[in-house]
């Protein structure tokens, strides 16, 4: 680590301290990764491998004895190219050499100079051979030193370019059979490179190594104007600390920006990331913002929307937006690009700001080293204060070094040290630039917490300091404050400047103290014992030591020593008095060991403290003499001072503590959040100065908890100022070795410390147990979420923020909070047992139960304090035993529940053991204890809310519920709810994670979306399920797609005004089981109902040793206590493996198993590198995970806990069981990918990443959003490479690859832009190739213009965003990454085959309906064009259809359906024979079939809407039989089909499908005498069958009017005719049921249930009378009558003519009919 305080850099004449110069002089490379020999401390022999086994040999530097620490805590042997490991599956000879990618345990750690590995086996030497023994005490050292093997930990080497986004190297890595333990150089890469994953042969992940280099070549860009070199790591994604370490490893630092000109340069820089880390941070406890390279922070450009003042949940790191130039505070753990910076010229002139100079000033002014200071006690605004100083021929004070800060803090404020005082720093600019009023250059800034906090766009801004610490704060210039004036004084003769010091030569004065260097190297204490009391004194001493060349590496003794070898360092006695340790300045990895003496280093680590051997080590000395008496020490609290209400302490402590554990807080927090939480209360995270203090603290904590808990404490090394050394957040100096050797692991990135509390009551009684195990501290990544403890000095009153709800005493005093329960002690009211129960119940609590030793001890101590040892208190009999999981107690009683029926129970502090073992008189009047469960996590069901039924056979029991899987039906929410009500249940409510897991385990054969019982309006808070249970658990999809969509409302449809929840079944997606919401009026599936049971299910495994099968895997639960390593061995005995969990269904099923066993169970997940990376022990890759949010990854092995989450546990802990498995679906070993493509060189800091035969460039640079249209984006890609184009995705593998890249930048973007355009009325890629593969979230888009954006989201689905709502489109655009792609192989011929409108194949012309339709709608659309839905009858036909679907890119309906109610009897809708099954194995439920682009044939509900269908039109017309129509048949209804005559009957068919009851009604509608067809003989059977085949539609199933009587079991026709002919299928296929159907395809009959299934209908009616013959007779008679009448008329006329004309005219009679003759048409 590089070294440097926040010391100033000065212009010519005012320059930096020497150690800063040394740091700049050369890159700070790490030597920790160099090879070494391993020396056995007892024998002095070195170890080496011989034929894979370890032997001892004489030490030398030959390669066969050289080892090296590599990634994941492995020891790599250079000569054999293997790693030292343990095969714990064998009982003997576990220790040997393994291939470094072996599944054996290869990690090693140090402890007190010993080396241990898996299962706590320790490396030992026995008879000259290496072995592993659990109780070994062998000491191991690095050759040529006294260092432990772990004293110099492995340091990561970070990368750039490549395809790893800055990830560190993974050493060793394997290429072509050779293991490489360092970066390598070859002609295929632009510089030394390394692999970044263990399995390079498969992953192909690599990057260019970032190592120290002199000058600014290769990876750097020079800028003469600013005298700097810049490294733009654009295509990387690291946390702030990782980025800082990466820069430091190269002798550089994270970017600091010191002027508007430099800011402009960065904004105008091409190829810079849009968002990237800068060195600005507030990581040093109790200090403000500062640059990591310690340059002054006087130029600012904060984003007003992300202010610099963090809140409780705020952030202490800063990033820059390159487009706006604005700085934003941001979570330090976010993964972002970064910029490093280092100076062009390392030569710096040095100046001395600490040399004493005697100065003369006017009366009242304070002289100091050439200047005079005046603190003016009147208050004025800044401008008036400035004017007053000018009137004194001076100026407001300017501060340029820590020497100036010391004057302010130690000399100007003797009384009121907390007063605020103006200094001469002021800003009048935008962006902010603070400048000194006296015109001197700003070389130091010293900001207070959360400062500088400059109001946005408001000037001027002025600065004050606080006298106590001298730290600065931005104020309104109108504030009235005191001020300090400063002017030059008269320097006196230098010869007399040290007149207060002894006359001997060499004494130097600093303040009121004199110092002298003795240049002879002597053992500790020979000359004097130096005490160092402050940072300022340390800086002065650094100045004294600066002349010693760092190459000589001199040391100077201090007076700090661990006299008792207990690890506690104190100042040696001086003048009979021992000063308290008030300041510490430890070096990297110090204090290293107990019993030593402390010396200060020179060189690059000037002034840093290191532990040395007091006798053998020799160093120079600095002696110190005070010119006056020792000053008084700061007053500290007294042990008997009180603690605030709700805070606790222990007798010897000077502090009060408050534990914030999971049951009492909203959430666990990372270290920074926890520290800010404490600060808001006026406290800090806990700190300690003495070993005994932390012991007592941990004993205190064990009374608060059972089990194991990690709690944040104030120890951290977050700030770059600390250079890798530890500090307490409340400024308590570090004087005690409380950090075990494991603190050295992954030292660069584990910057915060936590303490482990684990309850081991049996050990408290034994004096000889090892305290070091009890005091267990560990470093963690600071973003880990843990519980914490706040600490405040005794006697101080904490603050009470608005959001904080402090503990307050009730009417019975303050409660006792233990393990999530509140205990109230009712001492002033004595009641009998029953009265006590009722009293507690009336106050919303219960009579207390005792279920753990922690609770027992806390209650015992509490009642002893309240009422003495003998007073008895009522408690309640526990249903469960005390600590029933605890198996190590000395007493047997705890193993069994106390069961005395209705007997009563009390206890006292003195005789509690006897009291808990016997009943007593329930009428006795006693005080009592009430218990209230914490509702956040321990709420229990109210006993009166359970349903009054138990689970019947069809219902699946789980806990207090029954679940029923029903046939999926697509319904609205209310219909779905009614459906479950009809079964006597409700839609499921999900009340816990374990219930969620159980439901998820039922999902594999269910639909993609299922209703659950959650319903609410958009204007109300969701708080209850439809079964009236409280909403205590939720599992909404984290992306919550519907949250971005508007759910339409229909004013006339009440359901649409409500939102209802769905559970998502996304197959193997990690989001399977999560919830979404939609309009309640939409149709989704109901497949699962629930009801409550009176009796909670006591599901247990009848025989725990038997295997259980789920999906394709066999599982075995081992129900016995064992460690992780033992569990692995047990599984191997059964030829099984510790389980690897790779999908959400498997996870859910095993979570339920863990609950049923009520045990945490080992799984095969473990880490070899202190939780940085986890992998499965069977070698499978970790794709799916279920980490507990509250656990953090704190240990190396993993259990599946009873709550369904993964939690890390010490591998050597005993757990109550393990899960073994045997996979029945073992896939082939992962095939090594071959990337033969060579990509172009990086462009503008952005590398091209190879995948398959393409190269990709993911653009996260600034101004990437300036390209808004597809053409502009394409132009941007063309500038990168003429062959590139905007991203297209051809298949699922490529989709997954692009998703993987996007997830690296999930802090910056939510989508990758897709190059999809709208041309020629269809969507296509920008290169005009069709979308042969798609993954749209909502199916086929309905886009009809170019006004849209498309992107791949962080869950892998494609989203489309139109420009209808411009704000959403802008958000989509600004949160997208642009991606360019070069296809190194011409894919156009392969992918440019646009799907034709018509496609001939065999005897048909095929086409695709490209719109969303149901199966029935698709059938109708095909029929309207004279065609059918597609059918397939051989493999070639299947391949043809699959090719159509693949080219279309969407799932399409085909003509296959089943309508017999069983979803198993499928038919082609075109009437062709179902003679070829295109799918294999089981498929999803559903009665219609579609084909998806992956070639999968899926069963779906026919009324579900899909993305289209395949139609075909026959090219050959079908030869049809001649049909006979007769007028003796009933007339056809309007627009209806005609009746067909066959023999003596008329027949009419219908194209629709009907149930049996519908069929009967339909026939009577056609004609009142018509019935469902009856068949009397074989000819009629053939006629009806032929009629159906020639008029095929959907199915060949035809209802017959034949039914069976329930009484005599006889069969009869509906038309009443006798059954004279039947044609049943053979008995094995004829079916069961009381109704019948004709199967027209094979002309046989089948018995079916009348209520199930659908079929075609043929109606039958007898032939009517022959009306034509009758009409002919009538007509003939009419003609004869007419002819007779005519003859009579002619006769009469002739008679009159003969007789002469008559006077009487013919008149028609009123009763004569007119007869009309109808015309006849044959």
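Cβ atoms are placed via backbone N, Cα and C, with glycine included.
When you go through 934, 1158 in Swiss-Prot, the residue listed as N-linked glycosylation site is 934. Among the ranges 1642-1666, 1667-1691, the one that Swiss-Prot lists as transmembrane segment is 1667-1691.
Among the candidates 1535, 1626, the residue that Swiss-Prot annotates as N-linked glycosylation site is 1626. Of the candidates 823, 833, 933, Swiss-Prot marks one as phosphotyrosine, and that one is 933. For the disulfide-bonded residues 194, 614, the ranking by surrounding Cβ atoms (within 10 Å, all protein chains) places 194 first. Put simply, residue 922 (disulfide bond) is 74 Å from residue 377 (N-linked glycosylation site) when counted between their Cα atoms. Listed in sequence order, 118, 119, 1123, 1124, 1125, 1166, 1195, 1196, 1197 are the same-chain residues six or more apart from residue 1211 (disulfide bond) with CB atoms under 8 A from its CB. Comparing Cα positions, residue 209 (disulfide bond) lies closest to 1392 out of the recorded positions 462, 922, 1392, 1488.
Separation of the C-alpha atoms of residue 477 (disulfide bond) and residue 389 (disulfide bond): 16 Å, rounded to the nearest whole number. Note on proximity: among 135, 317, 462, 922, 1060, the recorded positions of the record, the Cα nearest residue 183 (disulfide bond) is that of 317. Under 8 Å, Cβ to Cβ, and six or more positions away along its own chain, residue 597 (disulfide bond) finds 524, 525, 557, 560, 561, 562, 611, 612, 613, 614, 617.
Each of 164-211, 1251-1374, 1401-1513 was scored by its Cβ pairs under 8 Å to the domain 'C-type lectin 10' (1542-1661), and the highest score goes to 1401-1513.
Distance from the CA of residue 135 (N-linked glycosylation site) to the CA of residue 904 (disulfide bond) is 50 Å. Residue 1502 (disulfide bond) carries neither a helix nor a strand DSSP state and counts as coil.
Between the disulfide-bonded residues 209, 317, 389, 922, 1635, 317 has the most other Cβ atoms inside 10 Å of its own Cβ, all protein chains included. In this structure, the CA atom of residue 1626 (N-linked glycosylation site) is 48 Å away from the CA atom of residue 1080 (disulfide bond). Between the listed disulfide-bonded residues, namely 169, 462, 904, 1080, 1650, the fewest other CB atoms within 10 angstroms of a CB are found at 1650.
For residue 1320 (N-linked glycosylation site), the spatially nearest entry among the recorded positions 922, 1392, 1502, 1650 is 1392, judged by CA separation.
Per-class residue totals from DSSP over the domain 'Fibronectin type-II' (164-211), listed helix then strand then coil: 4 helix, 14 strand, 30 coil.
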